[in-house]
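Peer 1: My structure is below; once you've seen it, I'll send some questions.
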Amino acid sequence: MLKKANRIEPGSQQERSLKKHNPWIICTCNRQCSITLITGCYTCEWQIKQEKKSRPGPCCCSWKEKIFFPFLIISFLLSVVLLFVWIETSNEYFGFDWVIFLGTGYWFFWSIVLLSLFGILTAYSSLLVVLAFLLVWEGYELYLHWCHKILILLMILLCSFVLWILCQLWQERWLTAGLSLQIFAPYMHLSGITVMVILSWPVAFYLIHLEEEVRMRRYKMMYDRETAKGCNILTKLRALQVTIGLPFFLILLCLYIVPLGIHSPCIQEEDKLGPKPDFFGHRGAPMLGPENTMMSFEKAVEQGAYGLESDVQLSYDQVPFLMHDNDLRRTTNIRNVQPNASITHSSFFLWSFLSTLNAGKWFVQSQFKPFYHMKPLSRADREKAENQRIPKLTDLLELAQKEKKFVIFDLNTPPRKHPLRHTYIRHVVSVILASKIEQHLIFWLPSFDRQYVQSRAPGFQQVGQLFSIERLTKENISRINVDYKRLFYKGLKDYKAANININLYIVNEPWLYSLAWCSRIHSVTTDNIQTLSQLNHPYFFMTPGYYMFMWLLMDSVSAVLIFAIFYFHWWRESKKEMFNNSIHTDLRSLSLQQREHGSQDSTNLPNKPSFRVLGNPWALSAFYPALTKSTKKQPGSCHFLVVPKKKSSEPEQVKETIKPLMPSKDDVRQPSPTEKTFEPTWDAPREATLETALPSLKVNKPTISSLEIAQSKTESEKTSTFESSQQYSFSVFSAISSMFSYELTSKKN
């Protein structure tokens, strides 16, 4: 008996049922919401359409999406390369911002803006790639919205344009990126193996799933006539397996053997590590005070600088002063004093005017801050910076003589129409000698008129540039000051073999300073002296034995894990296949048993019509049991078993042959009580009716016993057939439900 649907359960039972079903509902809703979010972000359609689901295989999207998907991959790769190059060249951010300032006259952290832009582009393309992978994983068709397509094309154009500019106008960026690989290559190798282990899970899942698809297609081809079409599908599936699996294993193999080609200076024995390189404060300590001011040089001395580096200009009245730029816009208040003269070369001003300019207020203003990662100044340093003036060269020499620090400077050539255009070298040498500084504290860098300098001041330490070793030996130069990007690609070992001291500029990043340390560089010129001076050991340093141990350990562990992941997916698919085959075998056996049982029942059935035929309301035997027996004896009589439905003329013939029976009053009589209560009460009226309508026919009264016997036989056969069919249906239902529960469990796992 059916239970009532609106029955009220006790409160405790309702709570238990809610607690029991809530986790499943929550998981289902969360998964559905996540799929909706993924689909909405990728296709901009926030309603999941089931018809857009695709089976895993070669056709997971339309041909238009297949054509455009490589553009998505290209944009992702370009953005990653551009972001990597820009991050690794962070040592040159100040130079990039300074070049843009010279062209625009406005100071801003354009390098940070580009870094943020490249990071956003990389994150955007990476997100689309991940969303596409998740949609394929969930079995949904890929359909990238046209807005995303336009943005991806614009991204490809922008990245290509920036890379072209770097290749044509700023090739040194690529040299810096190449140097960074010497430091980060061992760690990138170990990280790459970890990433490949993580990626092996979806790759193994998809490859094994494609293999299962191939088996199913091949099994289907055995019973399908369209062998050509099936072969094409198998070819596509195999090609897809090769396209996914071959690059994965080639990259994995390259990662396994790439340490054979890695030669990093930071992979060496501990006893072979050279001493810590010394520091030359580039324009003093420009992150602690205004550049080329006495405050900046004093801060560099406090941080333990080995020497002080500066830039020297000559005023119109022949006074050497410290200034890097050719004009006074960036580091002085010339725009407030004489706005029209702000772009005039600083060498055309008299020292009496230059000494009145303020050279420190710009440093405390946030819009002119030279470095984005500067620490805030204290109140005392802020007040001191606001009162700084342009110093003379003699002021720097006095500080160096007092602190016993070396001095190195770039001597800028005066512009045309300057009175010292051709004699500035000799004038500066005379100024230095007049300051009474010890000559060995001067690192003389200008190469013009070097013979006069060597003869006039033999105590100066001559510093060359990236000259040949023969020229350096001929000019008696034992020290060079070179750009770090060019030295590592042009004969570093030759200069070290010739016992030439090397000073690199400009080194601001710890990884670059660590590279110089491991390469046994003697000194570096830096803006970030307060950070580099705190390093007690080079970054990313390791011994060859330790790296070999990590290499072999990571390779072996990753190989075992990848093999285990592939074996797990293969075992799960094979187990699922065995389970499906067993269910298929059970279903075939059940259907075969049902067929055999049905054939046996059909052979045992009598030739007489079943009870359902006898009970048909349109059969004559249902109304007139005696008529069917008597009409067999009449050759000319009409026999109707079922009234026709389509033809309208045949019922008229029935009406002509058999007249409608109207009971008379004499025929209606009261039923008399009998002992057999199970006999039908309509037998007597039927006999009277037959006698009135057909007097020529002899009525044979049917007996109830013969009807009961026929009915009992048919009911027994019907019951046995129903029980067997019910058993078969229950077996099929249980098999299908078990298969569904197994697939659901495997999906959740």
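Every residue, even glycine, has its Cβ placed from backbone N, Cα and C.
Got these off TrEMBL a minute ago, pasting:
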- 67-87: transmembrane segment (TRANSMEM)
- 107-137: transmembrane segment (TRANSMEM)
- 149-171: transmembrane segment (TRANSMEM)
- 183-208: transmembrane segment (TRANSMEM)
- 239-258: transmembrane segment (TRANSMEM)
- 277-536: domain 'GP-PDE' (DOMAIN)
- 546-568: transmembrane segment (TRANSMEM)
Peer 1: With Cβ distances under 8 Å as the criterion, find the stretch in 149-171, 183-208, 546-568 that has the most pairs with the transmembrane segment (107-137).
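Peer 2: If we count Cβ pairs closer than 8 Å to the transmembrane segment (107-137), 149-171 scores highest.
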Peer 1: Below 8 angstroms Cβ to Cβ, which residues of this chain, lying six or more residues outside the transmembrane segment (546-568), approach it?
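Peer 2: Residues 186, 189-190, 193-194, 196-197, 200-201, 204, 207-208, 252, 256, 259, 267 contact the transmembrane segment (546-568) from elsewhere in the chain.
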Peer 1: Just to confirm my parser: what is the rounded mean pLDDT across the domain 'GP-PDE' (277-536)?
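Peer 2: Mean per-residue confidence for the domain 'GP-PDE' (277-536): 92 out of 100.
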